[in-house]
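TrEMBL has this to say about the protein:
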- 335-582: domain 'ABC transporter' (DOMAIN)
- 26-45: transmembrane segment (TRANSMEM)
- 52-70: transmembrane segment (TRANSMEM)
- 76-98: transmembrane segment (TRANSMEM)
- 105-123: transmembrane segment (TRANSMEM)
- 153-172: transmembrane segment (TRANSMEM)
- 205-228: transmembrane segment (TRANSMEM)
- 234-265: transmembrane segment (TRANSMEM)
- 277-295: transmembrane segment (TRANSMEM)
Amino acid sequence: MKRLALIALAAIAAWLLPYGLGGYSMHVVDVAIIFAILAVGLGLTMGVAGQINLAQVAFFGVGAYTVAILTTEAGFGFWTAALLAVLVAVVFGVLVGIPALRMQSHYLGIVTLGLALAFTNWVTNAHLAGRAEGISDIPVPPMFGIDLSSGYLFYYVELIVFAIALAFALLVTRSPLGRRLRAMRDDDLAAGALGAEIPLLRMTAFVLSGLYGGLAGVLYAGLIRFVAPETFNIANMFLLLAMVIIGGRSSILGCVVGAVALSLVREALLDASGYAQLGYGLVVVLVVVFAPKGLAGLPGQLRSLLRGRGSGARAQLGPFRPYDSAPPAAEQDALEVREVTKRFKGLVALDGVSLTVPSGQIRGIVGPNGSGKTTLFNVISGFYTATQGSVVLRGREVSGLAPYRLSLLGVARTFQNLRLFEDLSVRENLLLGLDRTRTSWIWRYPSLPWKVLGYERALAGRAEELIERFGLTEVAGGEPRSLPYGIQRRIELARAMAMSPTLLLLDEPAAGLNGEEVRQLAEIVRSIRDSGVTVVVIEHNMGLVMSLCDQVTVLSSGKVIADGPPAEVAVHPDVVAAYLGDSMAAPTQEAAVEEATR
Ligand SMILES: Nc1ncnc2c1ncn2[C@@H]1O[C@H](COP(=O)(O)OP(=O)(O)OP(=O)(O)O)[C@@H](O)[C@H]1O
């Protein structure tokens with residue numbers, strides 16, 4: 001209700017704004033709105049999706065120049081040209097995004113910067129684009145007899161386009177797509193394991209960038225009715241970057257605030273533009289150092305300062321509520337690894353490994369450091385492709401499938417060195433696991449946005465249930481980084497279970513846990529098995545392995561050297577010789593439990 005009132009108030013203020021402004025001030029506001037749309041596009045690609053994009057100003061130029069060329073050279077009407085211009089900018093976005101499929105970070109920055117420079121170079125030299133003089137005489141956009149050559153009236157067109165663009169960006173960021181984009185930004189491998197199609201997501205980020213750049217370009221062409229290369233140069237790209245960084249790159253509203261604020265500052269410093277660039281640079285450096293989340297992040301920063309550091313360290317886990325017992329989903333074996341070999345150049349990490357895990361079993365994988373256990377998990381979960389051999393999941397050959405496909409087929413995993421998304425809340429980490437849609441689902445964003453909101457609400461309800469089951473109520477709203485290790489391990493397990501897997505791979509789940517936490521872990525894993533999920537667990541804590549696992553496979557130097565019930569494997573001479581020695585020899589079940597809970 002409060003939010004609706006605020007939106008209504010902002011809308012009324014925006015509608016009344018022209019009544020209080022002179023002609024020139026109105027022009028400044030018109031330009032500021034165009035920069036705000038550009039900044040939102042850049043915020044989506046760079047801030048939310050983490051794709052370094054220095055070509056946003058070129059998307060802007062593509063939109064503006066396409067309108068200019070189509071209306072003045074090809075005789076198109078303004079709005080037809082505008083529609084085509086947005087499409088061309090989106091296609092340009094796809095082309096610029098192609099390198100992002102292969103490279104990231106500063107390499108991507110250099111490539112996108114190169115493409116932006118190539119664009120400015122082309123418009124400066126091409127006859128079609130009017131060379132350095134640019135293109136003038138773009139027609140006034142017709143609008144039911146309303147004279148849009150007036151900055152006052154054009155403002156209302158801009159306002160409506162801006163409101164729709166802003167609402168769409170907010171819908172994207174506050175729903176499954178935005179969460180996946182942010183997860184990809186933080187850790188693309190972990191995001192892939194949770195079902196995110198990384199190449200498609202990267203492309204989506206650049207498509208959005210092209211869309212917002214194109215829209216801003218069309219509005220610019222309609223407002224100024226003249227385009228020239230200097231509007232789309234690197235200095236303006238830098239200004240745009242400064243807007244997004246100062247405002248707060250991952251906050252869409254922050255990007256808008258940054259764009260409006262810097263547009264006004266730029267206007268005020270018009271007589272000292274040489275020094276202005278220096279000033280922007282200085283402010284950007286200060287913001288990056290002291291307020292990395294920009295103006296939008298300041299309230300949060302202040303709140304955590306007031307709350308005091310380390311409050312998360314005192315957080316408590318609640319009790320785990322066991323799952324209902326159910327038979328395994330299928331009669332077939334849950335997993336079959338057939339003669340898998342994995343070579344890294346000269347090194348043979350896995351050497352003809354075969355194992356079969358029946359449905360509903362807890363299988364332990366043990367072995368000395370470097371024996372290939374994690375590599376085996378990486379092959380099963382699609383992170384690595386086996387050099388030879390195959391992986392079969394419930395009778396279906398899945399060798400070589402990408403992690404997101406395997407995740408949708410029911411494989412969930414945790415990581416040896418926890419891979420929680422640190423900038424997302426605990427709840428959002430779980431929501432990522434719960435979201436089982438394909439990226440192609442995003443066509444619903446423009447066509448059926450209410451379905452997106454409905455789906456998000458359904459996910460939120462299921463997240464609460466999961467939070468309660470895993471005893472995470474107290475920590476659900478916080479970021480994982482502030483929490484003790486034991487709680488982070490519990491969150492990672494809950495996130496894996498959010499995916500409703502049939503096969504759960506746990507990579508050293510007890511590492512770093514104290515005795516009580518190991519006991520609770522054993523209880524949770526048993527309950528997961530009893531609910532019908534097959535569990536494969538890599539573990540160095542022998543007490544836990546002996547008490548928890550139905551069967552144990554021992555790896556040494558990439559080969560299976562023993563496979564069988566824990567008590568038998570423990571006394572197998574090859575195993576004893578390989579690494580376990582007396583510490584594992586002939587442990588009684590009781591002794592093992594004792595060790596596990598120590
Ligand atoms: N991406 C990679 N590139 C090159 N070598 C690798 C790669 N991943 C693993 N290895 C090598 O493969 C071997 C097996 O490593 P792996 O991590 O699977 O062992 P592990 O049994 O899980 O060890 P630990 O118990 O220490 O986690 C090691 O020699 C490791 O250095």
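Using N, Cα and C of the backbone, Cβ positions are placed for all residues, glycine too.
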The transmembrane segment (234-265) touching the transmembrane segment (105-123) per 3+ Cβ pairs under 8 Å rule:
yes
Sequence-remote partners of the transmembrane segment (205-228) [C-beta within less than 8 Å, at least six residues beyond its ends]:
30-31, 33-35, 37-38, 40-42, 44-45, 48-49, 51, 53, 55-68, 71, 78, 82, 85-94, 96-97, 100, 130, 132-141, 148-149, 151, 154, 157-158, 161, 165, 169, 172, 181
Beyond the flanks of the transmembrane segment (52-70) by at least 6 residues, Cβ under 8 Å:
38, 41-42, 45-46, 76, 78, 80-82, 84-86, 88-89, 92-93, 96, 104-106, 108-109, 112-113, 115-116, 119-120, 123, 128-130, 134-135, 138, 205-206, 209-210, 212-218, 220-222, 227, 231-234, 236-237, 240-241
For the transmembrane segment (76-98), sequence-distant contacts whose Cβ falls under 8 Å of one of its Cβ atoms, 6 or more beyond its ends:
51, 53, 55, 58-59, 62-64, 66-67, 70, 112, 115, 138-142, 202-203, 205-211, 213-215, 217-218, 221-222
For the transmembrane segment (26-45), find every same-chain residue at least 6 residues outside the stretch whose CB is under 8 Å from a CB in it, and list them.
17-18, 51, 53, 56-57, 59-60, 151-152, 154-155, 158-159, 161-162, 165-166, 169, 172-173, 181, 205-206, 208-213, 215-216, 219-220, 223, 239-241, 243-244, 247, 249-252, 254-256, 258-260, 262-264, 267
What is the pLDDT of the domain 'ABC transporter' (335-582) when averaged and given as a whole number?
91
